[in-house]
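Visitor: Pulled these features from TrEMBL for this protein:
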type	residues	note
TRANSMEM	26-44	transmembrane segment
TRANSMEM	80-97	transmembrane segment
TRANSMEM	109-142	transmembrane segment
TRANSMEM	148-169	transmembrane segment
TRANSMEM	197-217	transmembrane segment
TRANSMEM	229-247	transmembrane segment
TRANSMEM	254-271	transmembrane segment
TRANSMEM	277-294	transmembrane segment
Amino acid sequence: MIAPPRVVIPEEYYLLHRIFTPLNQFPTFFLIFLYQILIVVQGVRLCSVVNNMQLFPKENFLVGMVYILFTAMLPDWNNITGALIINTLFIEIIGQFKRLSTLDKPEKAVFNLSFFTGIAIIIYPPSIIWALLILIACISLARFKIHHILVWLIGLLLPFYFLAAILFLNNHLGQFLRYIPDFDLTDHRSQIRDPHFAITGILILITTFIGIISGQRNSGKIIITARKVWVWITAALFLTALIYFIFKSENNSVLLLSVLPAAILSGNSFYFAKKKWIAGLWFWMLIMMIWFLNSKIPIHIKWLHI
């Protein structure tokens, strides 16, 4: 409500740009409603996925709460972006990990996961890091055999084959390269020196770090499969953060890919808090910082300009 959302999707993400950018012509109230519905549905669904995989000793809705808090912190995240939209698909992909770990023959599940990841890459090219994450999940969670790598690769490339066929039949094969991820080292020093960005990063890192430590100390309270998923989520946090630095023409919105694993990990910091009043105090401080950061009050931090 402080900063009404807009649809901010660059032209290079052709499909998403064509589908969602026209929504900017709708009244502001509609965009606010759409954004809130998207965030809340993602948060609720993320809670359902986490509870189904038994990542915590008891069911709770803390992960969804943290996800909604984190996505509200940075002004760039208060828009309808490609990363926010594609997070919906990745939440569903994570939800399939329990099935992946219980199947004697997981080839079909491996194919489905990589196939939908391939679709995600076509829709939103920075999603390519998820191709590696899916492979890691297949190796660590499934009853892995070497031919699963071939199944993973076929599933990953099949959407591109279908895309090339469609473009060829419509005499637009030359447009195929626009759907291929374009890597390039990106200088984000100006964004990192932005006080609003720095404060957001520090708050999320502190919450996530406490969550990682709390999760490790209490890992004996959950099943073995859940422990493996926690390790995967930690790896996902670091790998998705790399996209911010190696993907061309990206802004801060791509970091929403990292907010997803960060929110899951941060759920530990609230769930396992020994003193609930401290967790409650931290929650309300995050609420106040959300208002402060989105009010665009000028901030000057001397050490950021060194």
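Note: Cβ is positioned from N, Cα and C throughout, glycine not excepted.
Note: TrEMBL annotation is automatic and uncurated.
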Visitor: So, taking each listed stretch (26-44, 148-169, 197-217, 229-247) in turn and counting its Cβ pairs to the transmembrane segment (80-97) that are under 8 angstroms, which one gives the highest count?
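Guide: Most Cβ pairs under 8 Å with the transmembrane segment (80-97) come from 26-44.
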Visitor: Which residues of the chain, 6 or more past the ends of the transmembrane segment (254-271), have a CB below 8 A from one of its CBs?
Guide: 46, 50, 55-56, 60, 62-63, 65-67, 70-71, 74, 77, 81, 83-84, 86-87, 90-91, 126-127, 129, 204, 207-208, 210-212, 214-215, 218, 230, 233-234, 236-237, 240-241, 243-244, 247, 279, 282-283
Visitor: Cβ under 8 Å, sequence separation of at least 6 from the ends of the transmembrane segment (26-44): give me the contacting residues as numbers and ranges.
Guide: 1, 4-7, 61, 63-65, 67-68, 71-72, 78-80, 84-85, 87-88, 91
Visitor: Are there residues at least six beyond either end of the transmembrane segment (109-142) with Cβ under 8 Å to its Cβ atoms? List them, or say none.
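Guide: Here the qualifying positions are 12-13, 15-16, 82-83, 85-86, 89-90, 92-93, 96-97, 99-101, 103, 148-149, 151-160, 163, 179-182, 225, 228-229, 231-232, 235-236, 239-240, 242-243, 247, 250, 254, 257.
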Visitor: State the residues, same chain only, that lie 6 or more residues beyond the ends of the transmembrane segment (148-169) and have a CB under 8 A from a CB inside it; answer 'none' if no residue qualifies.
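Guide: Sequence-distant neighbours of the transmembrane segment (148-169): 106-107, 110-115, 117-119, 121-122, 131, 134-135, 138-139, 142, 175-176, 179.
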Visitor: By Cβ distance under 8 Å, which residues at least 6 away from the ends of the transmembrane segment (229-247) in the same chain are close to it?
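Guide: Distant Cβ neighbours of the transmembrane segment (229-247) are 53, 55, 97, 125-126, 128-129, 132-133, 136-137, 140-141, 181-186, 188, 208, 212, 215, 219, 222, 254-255, 257-258, 260-262, 264-265.
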Visitor: Report, as numbers and ranges, which residues of the same chain sit near the transmembrane segment (197-217): CB under 8 Å and 6 or more residues beyond its ends.
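Guide: Long-range Cβ neighbours of the transmembrane segment (197-217): 66, 70, 73-74, 191, 230, 234, 237, 252, 259, 262, 265-269, 271-273, 282, 286, 289, 293, 299, 301, 304.
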Visitor: What same-chain residues lie close to the transmembrane segment (277-294): Cβ under 8 Å, and 6 or more beyond its ends?
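Guide: Beyond its ends, the transmembrane segment (277-294) has Cβ neighbours at 2-3, 69, 72-75, 78, 196, 199-200, 203, 207, 269-270.
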